[in-house]
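Data first, discussion second: the structure below is written as structure tokens.
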């Protein structure tokens with residue numbers, strides 16, 4: 001490549017201009033851009049490609065060269081160039097229009113300027129139309145000229161013209177993102193007072209949806225009659241002069257109520273030096289004196305209500321004080337009672353300005369102690385010791401020697417695992433590829449053998465392992481299509497079956513098929529159990545369709561990208577995820593976050609793309625809450641809250657109600673349908689679905705027990721290899737008793753939870769399976785058998 005010509009050296013005596021960044025002010029905002037990136041798409045190197053290369057060097061631009069359409073697209077997706085120059089002189093190498101269309105088909109290209117290099121035409125030929133190039137997606141054309149100065153001038157014009165405009169447009173996205181999330185209501189109108197934009201805070205304040213406002217004149221909206229008559233004229237006179245107006249103004253909400261606002265209206269000068277827009281920033285005007293009085297009054301009312309409610313619940317508890325998280329009748333298990341557990345009392349509650357309910361309870365007991373006999377005061381001291389703990393719902397076990405299987409399960413599943421940190425990083429690979437997937441075109445095109453299996457999907461005895469084999473380890477997509485269709489999920493989300501299918505494929509591909517247990521078959525199994533529970537009469541009567549859709553989605557994604565290792569392992573290994581989530585609910589936080597990241601990344605698989613923003617927020621919150629509920633550290637809290645908030649009050653109504661049957665049903669429905677209790681029901685539902693293996697038919701129960709044991713064995717093997725703390729020592733493949741581990745798991749986690757869930761949802765079949773499976777594991781243990789099945793008769 002040649003250097004600068006004499007003419008060019010004269011223009012730039014100090015050599016090529018180097019630009020480290022482009023800086024520009026847009027109002028009060030400074031936009032800083034890294035050096036412009038240019039992609040040259042030339043099949044062959046010649047004087048024209050050389051000229052553009054040296055022109056980029058002179059301008060301080062960063063330059064890449066691609067020789068084929070494929071490498072051009074790949075390079076562009078990697079670098080996101082601001083300018084692309086495509087050689088359009090020699091169609092024998094590639095069609096420039098086709099290359100341009102390929103690049104324009106990618107999302108980042110919307111802010112890219114694409115330049116076509118066209119051949120010079122003889123003087124006697126007409127100038128060709130530029131329309132075909134524009135239709136293909138080109139922004140400009142450049143007539144072949146191998147002078148570095150000509151190429152330099154073209155690039156500089158593009159930088160100062162289109163590139164800077166596109167840069168400002170990109171910056172606008174950030175500005176509007178800020179507006180979307182700011183707390184103050186913002187309304188932007190044109191110079192003619194036609195509404196151009198309102199942010200979510202404005203929608204919330206005024207009760208309108210933006211679709212009802214944008215394009216309307218302000219005069220079309222109802223006005224409050226609380227403003228003084230000349231206020232509007234005063235405001236208009238001020239802002240038309242280009243001055244800012246600020247003051248108190250009454251607006252009328254969609255409901256018809258008037259709201260007093262503090263308003264600031266700023267005129268925006270635009271093209272031609274004229275006012276082109278008005279920006280109004282609004283917030284509720286608060287009269288502090290009245291507001292304090294109002295809050296105090298509300299607090300007193302709240303206190304009176306709570307006292308009355310407590311009194312009522314106290315009587316209910318007397319009627320049904322035998323029901324709690326651990327005293328429900330145990331079926332198929334002789335689990336030890338909760339009273340024998342020790343409670344930790346490390347963290348005492350300090351005095352707080354705003355009292356929490358537990359603080360109020362402690363204060364009441366403290367007051368009662370002052371006038372109590374010594375024996376009562378001492379008993380209350382023991383009560384206070386229990387209440388002043390951060391682990392109210394986490395029973396403590398006796399020594400390891402008493403029950404090592406249970407102790408290891410609890411240590412592995414219910415702690416953060418931070419026995420000691422290691423420098424070893426545990427990194428797991430993400431299985432995101434979908435290239436091997438062969439998916440039915442529609443639900444109707446499912447192979448007959450698989451369709452026949454799916455006919456039994458509503459039965460609890462449905463064999464998910466047969467579906468796993470028939471679908472080549474891809475049961476989640478097929479079962480998901482069937483279940484989501486039966487619950488009308490596509491209709492609720494307003495998305496096509498093709499979008500749902502792509503989403504199910506994406507989620508399934510994001511599970512690790514190499515895991516023996518936490519793979520897409522487990523997700524399909526949990527989805528099946530979730531759908532089964534949702535069809536139960538009392539569950540169905542407690543939840544609305546949004547709850548059902550949230551539960552099905554949560555079940556589908558609840559273990560997505562699971563590495564086949566526990567939270568304790570990840571924390572001990574100092575993994576990136578543990579660091580990211582501060583050693584707290586590491587995997588569950590990752591499952592929920594990744595599910596949404598993957599879903600919204602591509603429109604083809606974004607099942608949420610057509611739903612209303614507020615509905616999406618509600619649905620998203622419900623899904624996240626359910627996925628986080630599968631984390632085991634709060635197991636007893638979730639079960640205890642469910643029993644005490646739902647089972648106990650409903651049982652009390654059944655036992656003591658003397659009124660009519662209808663009134664009885666209404667009272668129970670009121671308990672079930674409150675927002676707080678619906679939350680508890682959804683948490684309990686997915687928790688039970690997640691660990692329902694011991695309640696499956698015996699053959700399925702045995703297979704799942706083998707799979708989870710293998711995963712724990714593999715973890716123990718790796719902990720020993722890496723020199724990490726062994727989280728669950730009993731899960732050593734050479735010494736472990738699988739029956740003992742299953743017995744401990746059922747005793748400690750399963751029996752009471754499913755007793756409570758059965759009392760609510762009525763699941764006699766499941767409880768029979770649980771009892772039979774428990775007896776099976778007991779019989780193996782009594783035979784001193786450590787494997788999944790008894791030894792063959794000799």
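Glycine is no exception: its Cβ is also placed from the backbone N, Cα and C atoms.
Heads up, TrEMBL stuff is auto-annotated, nobody curated it.
Because the structure is a prediction, the values reported are computed rather than measured.
Copied from TrEMBL, the annotated features are:
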DOMAIN    178-242  domain 'PAS'
REGION    298-341  region 'Disordered'
COMPBIAS  298-312  compositional bias 'Basic and acidic residues'
COMPBIAS  327-341  compositional bias 'Polar residues'
DOMAIN    442-784  domain 'PDEase'
ACT_SITE  518  active site, proton donor
BINDING   522, 558, 559, 690  Zn(2+) 1 binding site
BINDING   559  Zn(2+) 2 binding site
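Taking the centre of the Cβ atoms of 522, 558, 559, 690 as the Zn(2+) 1 site, the nearby residues of that chain (Cβ within 8 Å, site residues left out) are 518, 523, 526, 555, 562, 630. Ranking the binding-site residues 559, 690 by C-beta neighbours within 10 Å puts 559 at the top. When the alpha carbons of residue 558 (Zn(2+) 1 binding site) and the residue listed as 'active site, proton donor' are compared, the span between them is 10 angstrom. According to DSSP, the secondary structure content of the domain 'PAS' (178-242) in residues is 27 helix, 13 strand, 25 coil. Rounded to the nearest whole angstrom, the C-alpha distance between residue 559 (Zn(2+) 1 binding site) and residue 518 (active site, proton donor) is 7.
Taking the recorded positions 518, 522, 558 in turn, the residue surrounded by the fewest other Cβ atoms inside 10 Å of its Cβ turns out to be 518.
For the domain 'PAS' (178-242), the model's average pLDDT works out to 88.
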